[in-house]
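Look at TrEMBL and you will find 44-186 tagged as domain 'Lactate/malate dehydrogenase N-terminal'. What TrEMBL lists as NAD(+) binding site is G49, A50, A51, G52, G53, I54, G55, D75, N135, I158, S159, N160. For R122, R128, N160, R194, the entry in TrEMBL reads substrate binding site. The feature domain 'Lactate/malate dehydrogenase C-terminal' is assigned by TrEMBL to 188-339. TrEMBL lists H218 with the feature active site, proton acceptor.
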Amino acid sequence: MQPSSIVNDRIARIAAHLQPPNDSQMGDLRRENCRAKGASGGFKVAVLGAAGGIGQPLAMLMKMNPLVSVLHLYDVVNAPGVTADISHMDTSAVVRGFLGQQQLEDALTGMDLVIILASVLRKPGMTRDDLFNINAGIVKTLCEGIAKCCPKAIVNVISNPVNSTVPIAAEVFKKAGTYDPKRLLGVTMLDVVRANTFVAEVLGLDPREVDVPVVGAHAGVTILPLLSQVKPSSSFTPKEIDYLTDRIQNGGKEVVEAYAAVKFADACLRGLRGDAGIVQSAYVASEVTELPFFASKVRLGRTGVDEIHPLGPLNEYERAGLEKAKKELAGSIQKGVSFIRK
Ligand SMILES: NC(=O)c1ccc[n+]([C@@H]2O[C@H](COP(=O)([O-])OP(=O)(O)OC[C@H]3O[C@@H](n4cnc5c(N)ncnc54)[C@H](O)[C@@H]3O)[C@@H](O)[C@H]2O)c1
Ligand SMILES: O=C(O)C[C@H](O)C(=O)O
């Protein structure tokens, strides 16, 4: 064999290896999935948008999570390569890749937790809302698939603008007759992670010892840190409050990261397992304000959100921030709802 044909042969074999499973292999896959679940008692997780900047590290960290027995990686590009990479990790979760919309239903069937990251990304100078026109349609299509293939799954919505994509998801599920508000969660954990880090810097503490409640939603003024409720109990100068509020609200302009998405997914899985006292912030259908969706601390359980915590006492600065947040958020929610009801 000529060296070039050896190389071509090898490439062909690698390409074949990277091919997503065909229909008969899917039968084997389902049996394999059942064995995997039975063996470890773990959960089946799908990551939609798995080849992106957040998707790849998230996929790697989910593959390392012992609560995950099956990991489905779906994207419209590069899913086979990312899947091959992740699947060589010597941890127990079975990893499968799914490429393009024709494989969406296979990616979703039987999932316990679906993480939606699929998106175009904002460029410098854009707001999260500038992504609406494209991402609204992407999230709609993915949620239609979820309603059909895994209507009982817990859904983590990360694709921006979260303030609108969660109402979009809710409307899609309502239309399909599968809506369960306990199972639909917008991921705002990154705001809490940032708040803990920045407040710890100011206080000179370890961020792991700091708890900053952040309520509202996930964009600009709708991200409302409640510095009066920081634990351990602390006081801040007006200058520190302005600095911290601004930095927490605009952290997404500095860097976008996967850690918070992983931390939140892990909390959802521990809730599904039945662990007690799993409390994290999320943007959910809520009655803590007059708006239909709002982020605050929630207790996670076997069926998703078991309890929504109230906001607690706010000082004057925070009450003013809440009014601003509600005004902007009302418009973002309506925009999402109208996109589906139009
Ligand atoms: N809620 C949060 O805290 C938070 C944090 C980080 C990122 N985000 C958001 O998450 C999203 C993903 O961020 P990223 O940095 O990974 O972006 P990215 O552009 O790097 O990746 C997005 C991925 O989605 C894929 N994609 C596009 N259309 C798709 C479709 N129809 N179906 C499946 N996949 C599709 C792309 O191919 C790409 O691989 C963005 O909307 C970002 O704003 C939110
Ligand atoms: O800000 C972004 O565009 C992504 C994400 O929502 C973030 O907060 O980092």
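Placement of Cβ uses the backbone N, Cα and C atoms for every residue, glycine included.
Taking every protein chain shown into account, R122, R128, R194, H218 are the recorded positions, and of these the Cβ with the most other Cβ atoms within 10 Å belongs to H218. By a simple count of nearby Cβ atoms, those within 10 Å, the most crowded of the binding-site residues G49, G53 is G49. Of the binding-site residues N135, S159, N160, S159 has the largest number of other Cβ atoms within 10 Å of its own Cβ. Proximity of the binding-site residues A51, G53, R194 to ligand 1, judged by a Cβ distance under 6 angstroms to any of its atoms, singles out A51, G53 in sequence order. Contact annotation for binding-site residues (G49, R122, S159, N160, R194) versus ligand 2: R122, N160, each with CB under 6 Å from a ligand atom. Put simply, R194 (substrate binding site) is 19 Å from G55 (NAD(+) binding site) when counted between their Cα atoms.
When the recorded positions A51, G53, N135, S159, H218 are ranked by how far their Cα is from the Cα of R194 (substrate binding site), H218 comes first. Taken together, the residues in the domain 'Lactate/malate dehydrogenase N-terminal' (44-186) have a mean pLDDT of 96 on the 0 to 100 scale. For the domain 'Lactate/malate dehydrogenase N-terminal' (44-186), residue counts in helix, strand and coil come to 66 helix, 30 strand, 47 coil, using DSSP. Residues near A51 (NAD(+) binding site) in space but far in sequence (CB under 8 A, at least 6 apart, same chain), listed by position: L73, D75, V77, N78, A79, G81, V82.
Cα to Cα, G53 (NAD(+) binding site) and H218 (active site, proton acceptor) are separated by 19 Å.
In this structure the alpha carbons, written CA, of R122 (substrate binding site) and N135 (NAD(+) binding site) are 11 Å apart.
Of G49, N135, S159, N160, all annotated as binding-site residues, the residue with the shortest Cα distance to H218 (active site, proton acceptor) is N160.
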